[in-house]
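Read the structure below first, then the notes.
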Amino acid sequence: MSNTTQTINEQDQKSVTNKRYLPLLLVNYGFLFIGSLSSSLLSKYYFNHKGSSRWVSTWVQSAGFPLLIIPIVVPYYLFKSTQRKPFTGFTPKILALSIFIGFMLGVNNLLFSWGNSYLPVSTSSLLLSSQLVFNLILSVIIVKQKITFMNLNCVILLTLSSVLLALESSNDQPRDVTKTKYFIGYLATIGAGLLFALYLPIMEMVYKKVYCYAMVMEMQMVMEVAATALASIGMVFDGGFTEMKREGYQVFDKGEKVYWATVVSNVVSWQLCFMGTAGMVFLTCSLTGGICMTALLMMNVVGGVVVYKEEFGGVKVVSTVMCGWGFCSYAYGMYVKNKMLKDRDDGGGGGHDSDDKNVGSYNPIEMTQIVNSSSSSSPLHHIG
């Protein structure tokens, strides 16, 4: 075996020639859609009904990591659809990176909890769209993302929607929240957006060396374990576990059963959200993943208005429209660019036809790829 190459049995699920790519992408976006909307509403539901521990709210965001065992072990042990054993090729470097990113994710979860405890869902969701500016800048620096009219236009529109919201934020302040707490929540939400914007391009950089979706889930599981460990330490020092029992019995105004149902639902919804995020970044790129997440914030805004009867004045209407406009323009530009790449490949013949034949000669569920520094890129990483 060469020192510069390593042959491993795994499926290149980033390739547009793979028949499982589109279904896998749609499933992950579905997870992201359901997880993002439900976790945002459930987190606010917890605070609205006298839940008060931000460490509890932080802990539930990552405590569902055991659910990731399903996509990790089921394909190998139950369906026999892959020959790759779980955690094969999981090097010490990848382990260290996953733990470090997990701690960073834990801090991000805490900031989000602080912001969500003080701000309305709609305001928090629109503020989080500001992460796209940071995402674009950091993507350019970390993964050499090319700035195009398509992505720049989208980022500008989504950023302006946040600025408009900020100019009118004083009118949206909840009655039971002081100006100081509202300001803290505002800054914490912006900080969560900044940290998550850093998380996405770092993950894209790491995923360039990963070809298997199961390995993405393995890394995600290690990250969630690290984030849960950080939150658990905070829970211990702040009395969070004792607080959970007391809240369930005495504080939560909907009763103990509803309290625990809320906690469990939060755990599941956050895992769906993070699974979808990891899958989107792996299958596309960090900027595309960030834009898709920001587009879903529109649904969070609508959800906050419908479920919690939050105000939906002119500023929020304009911000939401701009958010949708930015995403639609980006999605259309991405569609046109994808179509051009496919037309070029179909007309080019030669190497691409040969690659397609080679793909067809293997079992589509189990393919052999040569992993080295020159084979890590995917046509999808050049989209956007």
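Just so you know, glycine gets a Cβ as well, placed from its N, Cα and C.
Straight from TrEMBL, the features:
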- 21-47: transmembrane segment (TRANSMEM)
- 59-78: transmembrane segment (TRANSMEM)
- 90-112: transmembrane segment (TRANSMEM)
- 124-143: transmembrane segment (TRANSMEM)
- 150-167: transmembrane segment (TRANSMEM)
- 182-200: transmembrane segment (TRANSMEM)
- 221-238: transmembrane segment (TRANSMEM)
- 258-283: transmembrane segment (TRANSMEM)
- 290-308: transmembrane segment (TRANSMEM)
- 314-335: transmembrane segment (TRANSMEM)
* Stretch among 21-47, 59-78, 90-112, 124-143, 182-200 sharing the most Cβ pairs under 8 Å with the transmembrane segment (221-238) -> 90-112
* Asked: Would the transmembrane segment (124-143) count as touching the transmembrane segment (90-112), i.e. at least 3 C-beta pairs under 8 angstroms with sequence separation of 6+?
  -> no
* Which range out of 21-47, 59-78, 124-143, 258-283 gives the transmembrane segment (182-200) the most CB pairs under 8 Å? -> 124-143
* To do: Go through the chain and flag residues at least 6 beyond the ends of the transmembrane segment (258-283) whose CB is under 8 A from any CB in it; none is fine as an answer.
  => 13-14, 21, 24-25, 27-36, 38-39, 42-43, 45-46, 49, 51, 56-57, 60-65, 67-68, 71, 200, 203-204, 207, 210, 213, 216-217, 219-220, 224, 244, 247-248, 252, 289, 292-293, 380
